[in-house]
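A.B. asks: Before we start, here is the structure in question, set down as structure tokens.
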């Protein structure tokens with residue numbers, strides 16, 4: 001038998017592939033990347049490295065958590081829930097009938113300033129149990145119509161608030177605009193009116209890019225059922241900041257939206273009189289209404305979650321570092337003994 005002859009057809013094919021170009025092969029082109037031959041860092045997590053890492057995290061996170069918590073505690077908030085108190089006692093058995101009736105909705109509230117509040121003081125309204133993230137509610141709007149006056153007939157996505165009973169297009173259309181919040185607030189101190197600035201309460205990007213300067217309200221709230229606030233038909237949508245704030249829908253059923261800014265300081269123990277108009281119907285879905293006055297810090301509004309989260313992670317890392325240190329001191333590993341690594345153990 002000739003020893004130089006190929007032993008099988010597969011061998012002949014293999015030798016042909018190695019000497020000539022590959023044909024109809026799914027084998028990837030050789031490279032150090034595809035064959036996982038690139039240099040790699042393989043850290044060995046010794047007890048000292050693990051303890052040092054946990055201590056480093058705790059040293060960084062605990063001061064950040066304390067700073068965040070102190071910044072949140074420096075924020076002064078006044079929260080007044082009024083949806084029940086602003087209904088006469090005799091009419092509280094049927095709140096929906098009262099809010100839909102012709103009665104005077106004026107309500108006077110008194111707020112006491114707990115601490116010195118530096119300007120600007122932000123005025124919010126807070127709604128609870130209001131699901132602005134409902135799928136049909138979120139989709140009931142026309143972004144093209146809000147931006148371009150030539151698209152006022154684009155109301156296909158605005159049902160059921162797309163046209164009036166006379167088949168006239170509504171601008172702005174949709175359930176979001178139709179259900180706009182319409183309670184109003186005015187503030188006074190020592191019988192002197194406190195000015196409320198309602199300019200600049202919306203996002204600048206929304207005013208410039210999402211709401212047109214030549215788009216004006218048309219046929220708005222002209223249907224048989226009024227949902228919320230009315231809009232001035234002589235003011236373009238880009239300047240109707242209450243609408244712009246409301247149209248940025250909230251992700252959670254409890255949310256706050258900016259109503260205005262008080263640009264004077266309020267001293268501790270001062271009494272603020274609030275005259276509000278209780279128009280908005282939250283009684284049909286057992287919602288709550290709250291008036292919120294709040295200052296801000298470098299971290300923003302009052303929110304203890306960030307500080308608590310940082311302190312929790314930092315404290316946990318510190319406890320783990322101490323526990324590993326005790327274990328290491330009680331039962332240390334022998335120096336120069338690599339047997340704890342699985343690839344150094346003999347089978």
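We count from 1, first residue shown onward.
In case you wondered, yes, glycine gets a Cβ from its N, Cα and C as well.
Sharing the feature lines straight out of TrEMBL:
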COMPBIAS  1-19  compositional bias 'Low complexity'
COMPBIAS  141-153  compositional bias 'Basic and acidic residues'
REGION    1-32  region 'Disordered'
REGION    141-166  region 'Disordered'
TRANSMEM  49-71  transmembrane segment
TRANSMEM  308-330  transmembrane segment
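Neighbours and distances for these, please.
C.D. replies: Away from its own ends, the compositional bias 'Basic and acidic residues' (141-153) comes close to residues 169, 171-177, 209-212, 214-216, 218, 237, 247 of its chain (Cβ-Cβ under 8 Å, at least six residues beyond either end).
Panel annotation: around the transmembrane segment (49-71), residues 43, 297-299, 304, 306-315, 317-318, 320-321, 324-325, 328 of the same chain, lying at least six beyond its termini, place a Cβ under 8 Å from a Cβ of the stretch.
Among residues of the same chain six or more beyond the transmembrane segment (308-330), those with a C-beta under 8 A of the stretch's C-beta atoms are 47-48, 50-51, 54-55, 57-62, 64-66, 68-69.
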